[in-house]
Structure formats: structure tokens, C-alpha cells
Amino acid sequence: MSLAPTSRALYYALLSRILLLSLIATWRFLFRPYDTSASLNPPCLSTSNQSQPYDQILWPRVASAIESSVVWDGVYFVRIAECGYEYEQTYAFLPLLPISMSLLSRSVFAPLVPLIGYRAVLALSGYILNIFAFVFATLYLYRLSNLILKDSAPALQASLLFCLNPASIFYSSIYTESLYALFSIGGLYHLLSGSSTMAMLMFALSGSARSNGAVNAGYICFMALMQAIGAFFQKKRPLLAVGVLLAGFLRSAFIFAPFLLFQAYAHLNICRSGNREPRPWCQAKVPLLYGFIQGHYWGVGFLRYFQIKQLPNFLLASPTLSLAIGSIIFYTRLLRDNFVPSSLLEVKSKERNRSYDSVSTSDDMASSKGVSMLRQRRSERAPGECEPTTQISNQKKESDPNVILFLPFILHLAFMTFTAFFVMHVQVSTRFLSASPPIYWFGSHVLASQNSSYRRWGYLIMVYFVMYILLGSLLFSNFYPFT
């Protein structure tokens, strides 16, 4: 008896987490961590937040094993959940994950505190929370993909690729990727299903997990613009169009609010506390701590990472960036083929043919080959794709995707790719772009293609995904650098 597509997506998500956790446990057993300082836990600056000593808990070895598994940014998140925002640089980590960990450790997992201690319970809360968030993000991605592609097969394949994505290790660690993916993809699903209020709330939560979550307001703006155009030109109701735009603006402001409120909280604690000397960013015209931290502590900035010594990191990020750029090109061409009038394409084709008349026979043969390749490419459309709208406007089926909906996804992915390549530490691209649905839609199209060259690229994508899972689970879990 075959499983329903939604159940299969759930199965993929759970199985991928079990396999990944098994890999982590194996690598931790076989290799000694490069940096063992994660288990160190100096007392909180506030005397009201103090962890239990190991001699006061019943299972100290279990507690030590859990605490030593916390690596890289996870150390910051556990520390913030335990002690609050103690230092300026900790404000780079937004509050949704540490607040959630703290709430879970004081409620659902509170009975475990006498057994393994409060800090270990915080870490355990983070792990369990992110695994559940990843599973629900996978289900939302399947539903969103089915809604956009109008085909359950590529939607399910996209979900499988998400479960095996190269940043998979971060979705089962104490990082914000799982929460961001859940609320971003979930918000997109609700937005395109007609529930703007639910989408707004989920997008706002995504902005409480990662700073780039606020960029999801762009989807709200796009849908508001589309509705306003329909109200103005089709329904001839300009007042309705103005109301739609105003509602879109207010919803977008709500999405930005958590990030801005957190910056105000940081400004109040650091610049207005009176307990320390004013920091340089406090006197800025726009006192935005997040930007200052990224530039001052991590060297983030436009072209600041373009150094010869960073070339290995550019190579490490190149597969993800290539996949993102390929997705952008593919769906941009799809949009062009559907919205550029066929008559204009024919005129351009005739002009090219007339210019080819003046070249040599070898050039004519190359032109003929190019035309045949173009026809072959057009015949290899993604599942549910259609011919240009000017040719099939009277034949459009309900199973055909609304191609215009790809536009905000591509604009968002293009912005994120540009930021990752030119502004950020480029190796972070692997996880920074990992919650972008078009990457998995494009990957599923390549894997399903009957073209032999496409299929070779599909195999390379799968090899890349699997290799990065193996490499990430080995290096990251043992405190070695990995993206």
C-alpha cells in the first residue's frame, strides 16, 4: 500500500533526521572534537541566572555529552537562553530561538532539570525544537510546491531534495535555519492560499529568527500590488486598489516590527543604561546595532570578503551559488516565454534569419543547430508548464501553474544570492539560501528531465547534496569549520 504524498513527505523528513543524527553520533564516537571549549560554562554575569554544578544532578555524564555537542553559534544561543544578552556581539543572534528554548526548558522539559541540569535541558530543547520545525517546514514546502507547480510528483521530489539539502546539518543543530524555514515557507503557503493574516504572523516570526526574514515582506507587497492592479484595471474600483495597497503596507510594517523592536531593545540596554561608555554606533544617525556588529566583529560588508585567502571559501560555496543562479535563469526564461508576445519573438527570429543570410554556410549550419536546440529546450518544459500566453490563452488548464507567481520567488532568490556573494561571508551561502523553494523546484525539474545532459546534472546535484551532508555532519559536529 503506497503512502499519500503528504505522508511520504513526512516520512522523508523523519528518516532524513534519523540518518543525520546517526551520522553525527558515529562521527562523534570515531573522532575527537577539534575544539572542546563548548563544554566550558562560566557563570552568568547576572547572579540570578546560575547553572547547577554537576555534583547536584543525577546524570552528569548525560549532561556532559549533551553540553559538549553544542558547537559554533549554538554556544551563543544556549548562553543567551540561559543568561540573556550579556555582551554587545550577542545581539547579532535574534531572540526567537533562545526565547523558545527557555520557555520549553521551563515548561515541557522542566522535569529533566534535576536529572541533567538546566544548561543541558536548554540544549536538548533547542535540538528537539529544530527537528520538529524542520519536519513541519518540509510539509509546508510540499504543500507550497504542489500549490505552485500543480503537480504532486515534482512537489514531492522538491521536498525530498530539501530533506537532503547541503545545509542539512544546521537544521538539526541549535541554529535558526529550521525556525526560519518553517515560518518563511509556511507564510508563503498561507499567503498563496489566501490567508494574508496568518502569512503576516509567520513572516514576522521568521524575522524574529533571522534578520533576512524581514525581507519576506516583499511577498506581501507583490501580492498587494497584483490585487491592486486587478481592482483598478479589471474591477474599475480605484478606492479598493488604494485600500489594498495600504493594507499591504501595514502588513509589511508589521513584518519588520520584530527586528526593529529588537534593535530598539539593544539601543536601550547598551546606549541608555549608563553603566558603560557609549559605543560608536550609539551616536549614528540611524543607530542600528545589527549592521555595526556584522561589520565590526565579523567583517561583513560589500566586497570586503573578496580576498585571495578567501578563495577556498568561494569554492566551497560555488555549488550552492551555481544552483541558485541556474534556478534564476531557468524561471526567468520561463517567465519570458510566457509573457513576451509570440509576435515579438517571431519578428526577432526573422531579423536574426535575415542577418544569417549574409554569413557563411558554416554559420548557417550553426544557426540551424541553435534553432533545433531551442526547440528541444522548449519541449523539455517543467511539469505543468505551458506555451506563451498569447498562444494558449483560450486553452489554459486548471493544472497549469500561474507562471507570474514565480516572479516574487525569483526576485527574492536573486536578492539573497547577490547578498550572499557580494556582502556576506560567502561560505554561509550554503545555509543562507537553503530555504529558497525555487532551488528545489529547479532541482526536481533537472532530475525528472529525459534529456541525458540534464540527467547528468541531476546526478551531480544529488552527489553534491549527499557529499555535503557527510562532510557537514563530520566537520561541524566535531567543531571543525564548515560553511
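Each Cβ is built from the backbone N, Cα and C atoms, and glycine gets one as well.
The compositional bias 'Polar residues' annotation in TrEMBL covers 356-365. According to TrEMBL, the feature region 'Disordered' maps to 356-395. The transmembrane segment annotation in TrEMBL covers 9-30, 116-142, 154-174, 180-205, 217-233, 239-262, 314-334, 403-424, 457-480.
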For the transmembrane segment (154-174), I need the partner stretch with the highest count of C-beta pairs below 8 angstroms, choosing only from 9-30, 180-205, 314-334.
9-30
Any chance you could find the range in 180-205, 217-233, 239-262, 314-334, 457-480 with the most Cβ pairs under 8 Å to the transmembrane segment (9-30)?
457-480
Winner by Cβ pairs under 8 Å against the transmembrane segment (116-142), considering only 180-205, 239-262, 314-334:
180-205
Highest Cβ pair tally under 8 Å against the transmembrane segment (457-480), stretches 239-262, 314-334, 403-424, lands on 314-334
Using a Cβ cut-off of under 8 Å, list the residues of the same chain at least 6 residues beyond the transmembrane segment (239-262) that approach it.
91, 94-95, 196, 200, 203-205, 207-208, 211, 213-214, 216-217, 220-221, 223-225, 227-229, 231-232, 290
